[in-house]
């Protein structure tokens, strides 16, 4: 029975990781296309897209609870009340989900700020440090023990992704934005803070998922609920004037809605990865998707030049992924007769 459970868990881990890689790659490519497509009117606002994604995620999770209750509205309400509101313990437990939700909102604000201060290449390379911060929080908050292969793989992964994202020497210097020293310092500080925010929020949510009997769908309802209000606050803070002038759904078309759906269901896939794998493997999956999306961009869009550094970086990342999954052989334990 244990072997069957282990096999099922391994299959779920593999499936969730593969789906995450495919989803992240598709999201990157559609996002790139949505930002470069020719539009007659004003462009869509990323802050409103985040709100729409969280609302769709919330509705989807509620529907799953409704289906699990035998399509009975009363059964759905009873389960939500039992898991969220019934006792002081469940109410206190529900409020804990507000912590990662708020941290994710802070993270998004920091990244928006960083992108105003840094060029895209510097931002992308620096932001990969979130993998290391996730590992550190996994050790300190979850008590995970990482052997030397894990740490070596994490270092290699960061170096490999940095090489993949390193700008091509063929690009003229004039095409990059010029930032003064103070902007660079502020931008790098924002990215580093976002890395710690991302690592803490992800591991905190993993701890909540794995230390309670509340279903994954209820947890995502709670997370989406708090995230909707946080995202609406971002809309009001950054884009209220644009929304007032052109409407909440300004610039939306089929491509934008695909981006929203990928973003919404990508959040659920990440939750599955956290549930059946861990946040560090999630980081590796996202890193592999960067390489996959770059190759796809080269083959389909033709807007990427494959360089020697890209090839070396891709090889290092793939090697690091297999190295992280390597478990050293345990010495046999002698049993007394």
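Cβ coordinates are placed from backbone N, Cα and C, and glycine is handled just like the others.
The transmembrane segment feature in TrEMBL is assigned to 12-32 (among others).
TrEMBL lists 44-66 (among others) with the feature transmembrane segment.
The transmembrane segment annotation in TrEMBL covers 149-166 (among others).
Annotation comment: TrEMBL describes 186-205 (among others) as transmembrane segment.
For 217-243 (among others), the entry in TrEMBL reads transmembrane segment.
Per TrEMBL, transmembrane segment is recorded for 255-274 (among others).
For 281-300 (among others), the entry in TrEMBL reads transmembrane segment.
Annotation comment: TrEMBL describes 306-325 (among others) as transmembrane segment.
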Among 12-32, 44-66, 217-243, 306-325, the most Cβ pairs under 8 Å with the transmembrane segment (149-166) come from 306-325
Compare 12-32, 44-66, 306-325 by their Cβ pairs under 8 Å to the transmembrane segment (217-243) and return the stretch that comes out on top.
-> 44-66
